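Engineer: Taken from TrEMBL, the feature ATP binding site applies to Lys8, Lys9, His10, Gln11, Arg12. TrEMBL lists Glu59 with the feature substrate binding site.
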Amino acid sequence: MENLFEWKKHQRKRLISARENIPGKTHWKWSQAISGNLMQKLPNPHKMIIGIYCPFRGEYDPRSIARYFIQNGATLALPEIIDKDTPLCFREWSMGTPMKNGAYGIPIPVDTQIVRPDAVIIPMVGFDQRGYRLGYGSGFFDRTLASYQRQPLSLGVAFEIQRLDDTYPQAHDIAMHYVITEAGSFQTKHY
C-alpha cells in the first residue's frame, strides 16, 4: 500500500456515505438483526458492565437493546473523550441519566461514576475478516483497549456494506473479539 493514509481517508468517506444513505426501513431492519446477534453473544449480561455508545453518522444504535441489558441485570456505560491522546473513560449510564454534549458534540452522562466495562460494543466505519476495524482515525478505542491489563470483551458492530477485504492494520490496531453484523457474527480471537 503506497499511501495508507489517503486510502483510509477515502474508505472512511465512502463507507460513511454508504451507511448514511441506507434507507430508514432497511437501517431499522438491519439494526434489529444486529441487536439479535448481540443478544446471542451476551445472553446472560447479569452483573456485567457493558460499554455502549451514542450513534454518530448512521451507526447502529446500541441504545435499542439497552432495555434488554438493564432488564437482565447489566450496568451500562458510555465513553467519554478526556483528551485527544488518552484512553476513553466509561461513565455509568441508564435511561433518563442527565446528558451533556462532550467532544465532537457526542452526548455523555453528567457526573456519573467512572466504571471499567467487562464488554464493549464498538462502532466500526469498516472491518475485515480478521476483526480489525477502520474507525474515524483518532485511535480512541484502540488506545482504550490497550490500556487495560485484561481487555474487555470487544464486540465490533457494523453493517455488511462496511466490510473490506483488508483494513491494513498497524501495530497499534487491536482486533475485535467478535464482529457483529446484520448477517451474523464471527469470532476473530479468543477471550
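Note: Cβ is positioned from N, Cα and C throughout, glycine not excepted.
What's the neighbourhood like for these features in this structure?
Structural biologist: A C-beta separation below 8 Å, combined with a sequence spacing of at least six in one chain, links Lys8 (ATP binding site) to Leu134, Gly137, Tyr168. Lys8 (ATP binding site) carries a helical DSSP state (H, G or I).
According to its DSSP assignment, Glu59 (substrate binding site) is coil.
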Engineer: Using the Cβ center of Lys8, Lys9, His10, Gln11, Arg12 as the ATP site position, which other residues in that chain lie within 8 Å, going by their Cβ?
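Structural biologist: Here the non-site neighbours turn out to be Glu6, Trp7, Lys13, Arg14, Leu15, Leu134.
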Engineer: Among all chains shown, work out which of the binding-site residues Lys9, Arg12 has the most CB atoms within 10 A of its CB.
Structural biologist: Arg12
